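Taken from TrEMBL as is:
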type	residues	note
DOMAIN	B:86-301	domain 'ABC transmembrane type-1'
TRANSMEM	B:26-45	transmembrane segment
TRANSMEM	B:92-112	transmembrane segment
TRANSMEM	B:118-138	transmembrane segment
TRANSMEM	B:182-201	transmembrane segment
TRANSMEM	B:235-254	transmembrane segment
TRANSMEM	B:280-301	transmembrane segment
Amino acid sequence: MNGMQKWFGRGWLSAGYLFLYLPIAALVIYSFNDSPVPNIWRGFTLHWYAQLADDHELLAGFWLSLKIAFFTACGSVVLGTLAAFALVKYKRFFGRTLFTGMVSAPLVMPEVIIGLSLLLTLVSVQRLIGVPERGMLTIWLGHMLLGMAYATVVIQARLQDLNPQLEEAAMDLGARPAQVFMLVTLPMIAQSLLSAWLLTFTLSLDDVVVSAFLSGPGATTMPQVIFSRARLGLSPSINAVATLIVLFVAVGVAFASLLIARRERQRQREMAEAYRS
Amino acid sequence: MKLATRLQALAHAATRGRSAVIGAPYLWLLTFFLLPFLVVMKISVSEMEAVHFKDLITFKDGSLQFAIQLRNYLFIAEDDLYFKTYLASLKYAGVATLLCLVIGYPFAYFMARARATLQPALLMLVMLPFWTSLLLRVYAWKGLLSEHGWAHQLITGLGLDHLLAALGIIQTPGLLLHTPFSLVLGMVYTYLPFMVLPLYANLAKMDLRLLEAAADLGATAWVAFWKVTVPLSKAGIIAGSMLVFIPCVGELVVPELLGGPQTLMIGRVMWDEMFSNNDWPMASAVAVVMVLLIIVPLALFSKYQAEAQEARR
């Protein structure tokens, strides 16, 4: 690249990142703003954070969201691993095209359609047999559809990069398929399982549309509470929640990438030693 | 003890069984993804009787009776509001996709051509906003675009609001929120990473020797870019555009927070039919038509997704 192109590139990237991060910075800064009008700076305060502790609606929503996100992440990783395995290891099976389509469709499908179709089905089932009542379980079902799609993509990418010879070698040495999976494959894809878990956890924690369709009277998730307040107007307490989430995610991602980098280094060291001996 | 060994045997059979590995996710998707679509299609041609649906097929007087109602579809076809709303949704989604491409392509390009040591960090910086709450980031724009917000002050300070008003994108200079401008801005902001990531993946693995060959054959940098780089990144462009366009058509959160009375979109119409009017067959029909509108882009997306997978091998 010549000089001018280089500067143009740097400028474009900087402007792009500024665009992506400016809103987040604004949320954080204004969460410390001592003014009931959220957009005029009047001085520093922690008032809005203190207020969160008494916000029972938000806290209840937070715990519900946390529970749903946890179960969504676990379920998505299990089903996503199976789906990714099926797609990578078994080239031919009945209805593979349909399966591939169904796995990736929730990635793009508008959430209103996923929410509506699942809601109408669950209501029909409920009329027939009386269960399930709308609530945590039904929200979880909806989140699982989205979560599984993302988990499959992440795990599939890793599985495709694996060297099949390692598994074949284990098989030659007499390992049963289950042992091969537990002792060889699983450690090698562990990193992608962790990122899939974290990704589906945050997706579930953030989802508002699917939850809105599938929640019942007693089950309101945190994003639903935030959404209904945000529709009414600006509120400093939402900025405080946002800042806590940003902080939480930043720490989580930093921790995860450190962990992944360390594991990766260790793995490469072990590989190098294995080849040398 | 006996139970434990039996469970172990079961677990063994399950992990060994190819049919279980394929079957479990397959069955799950059939039950919770495909079946619900069929239910929606069925309800869209049903009649709402108080709170219960009439059965589509009834056995009466010794003959089968079909009661398929196309009333909802006819209503959508005839009513001006639905037509305009579908058109508006497609228009806003299209404009947002185009802007994402115009902003995202150079972005992905310069990322892919940055120093190799720098690339993981650049990629991480694109992913990171994706991990923080989307809802809250859209909400942030509400603050930025409102009267005292930074973006509002910047845009009005530069006099750009008069330009936007002259172009008909906003109605009154100085009022940015709840206009087509804020709606499209919000959608571009939300979906930009979905454009950048597939494009980056595509551009990063491009064989740079092809550009050298083009240069050797006398192409200028621009010509090489248009005739070599862009055609080679076609799969990335299509995947990215679909990842932005399809969800934008049915978007609900961004129009609710940043859109206005002028910018009614189809997701909201469906929501109202469902929860305000309690007209489930109508909501289903609106959803079915929406799926029909996005089925071609969806098929395109799957095709290029499959091709990208083949290319990896």
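The backbone N, Cα and C atoms fix where each Cβ goes, and this holds for glycine too.
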Highest-contact recorded stretch vs the transmembrane segment (B:182-201), from B:26-45, B:92-112, B:235-254, B:280-301, CB pairs under 8 Å: B:92-112
Considering only Cβ pairs under 8 Å, which range in B:92-112, B:118-138, B:235-254, B:280-301 makes the most contacts with the transmembrane segment (B:26-45)? B:280-301
Taking residues 6+ outside the transmembrane segment (B:118-138), which of them lie with a CB under 8 Å of any CB in it? 111-112, 186, 189-190, 193, 196-197, 200, 204, 253-254, 257-258
